[in-house]
Structure formats: structure tokens, C-alpha cells
Amino acid sequence: MGLRSTKPPAAVNTIVNASHPLSTMAKETERTMQFQDELPSLPLPSLEQTLEQYVQSCEPLLEPSELEHTKAVCHDFLHGVGPQLQAILQERADTERNWIEEWWETFAYLQPRYPSAININWYGVLPGNWGPRDMSQCEAASIFTHAILKFRKNLLEYVIAVFFRLTNG
């Protein structure tokens, strides 16, 4: 079996010309994260809002009796220890720009011992039809790894374009 070219297909090549309209590279006047300090802190939702959203997320998954039990547990939490725990979160939110970041990185990404690529990072999973049909798993993995490391390098060098969300008002 001869070696095949590991050159990525044209569709996965990154556009590196900053003047190109689809470029992800920063223009000379931009720096990645240059507006980071101007962004608002991550808001802490109210306990009531959190419990309401939790119950709504459970509705399609639970039987009516299970949903009623969930609502009762949420009611007990709201009128029990919930406000004390919310106050602790509020103290953290008052002193941290992102009150959940450290916990999320530790308990969602770093501490679990299961494969994060398929259990946590949904964007790190490629569809089965990605790339040429004759590409081996090893070739696909090496191209994907190269692209991720190139993105990380660009991120650390602050050369990725700033993305703006335009709003009306």
C-alpha cells in the first residue's frame, strides 16, 4: 500500500488572506479579543428563571407524574435551600466577569475521564461524509488535528478577526 497525499482537500483549506471577504484572519487594525474588557459580565439568571427553564427542558422527556414530581422538587428547592445557594452564586457573579467559567472548565472539561470530543465538544465531531471518500481515519484525524492546532496558534497570536453581532437598537 503506497502513501497517499495528506494534503487537505480544497474545501478544508483555510483562507489566510485578510482582505478576502470570507477570511477569518484579523485585519491589521484588529486584534483578537481586543474588546474583551468592554464586554459585559456574564449575567446570573434568577433562581426562578433557572427553575422555570429547567422544568420546561424536562417536559418533553418526562411522564406527567414524573413532571409533577420534578415541579414539586423545584418548588421545595425554591422555598428551601435554593435562595441561600443563589446568594452564594450572586456573590461570585458580583466579583467575577464570568461566574461559571472556572467551574465549567474544571468540572465539564478537565475533570471527567470520558472522551470529551464526543461527550462535551459537539463541534469537534466531524460528519461521516467529511473529506474525500478514500481518506483514511488517520489522514482525517491528522488534517483535523492540524487545523485545530493552527486555529489555536492563531488564537494565541491574536490574529483571528473580531466578530461583531449587529443589533437594531
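Note that the numbers count up from 1, one per residue, in the order the chain is shown.
The backbone N, Cα and C atoms fix where each Cβ goes, glycine too.
Unlike curated records, TrEMBL annotations are generated automatically.
Per TrEMBL, these features apply:
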type	residues	note
DOMAIN	42-156	domain 'Choline/carnitine acyltransferase'
Secondary structure content of the domain 'Choline/carnitine acyltransferase' (42-156), with strand meaning DSSP E or B: 78 helix, 0 strand, 37 coil
Taken over the domain 'Choline/carnitine acyltransferase' (42-156), the model's mean pLDDT: 88
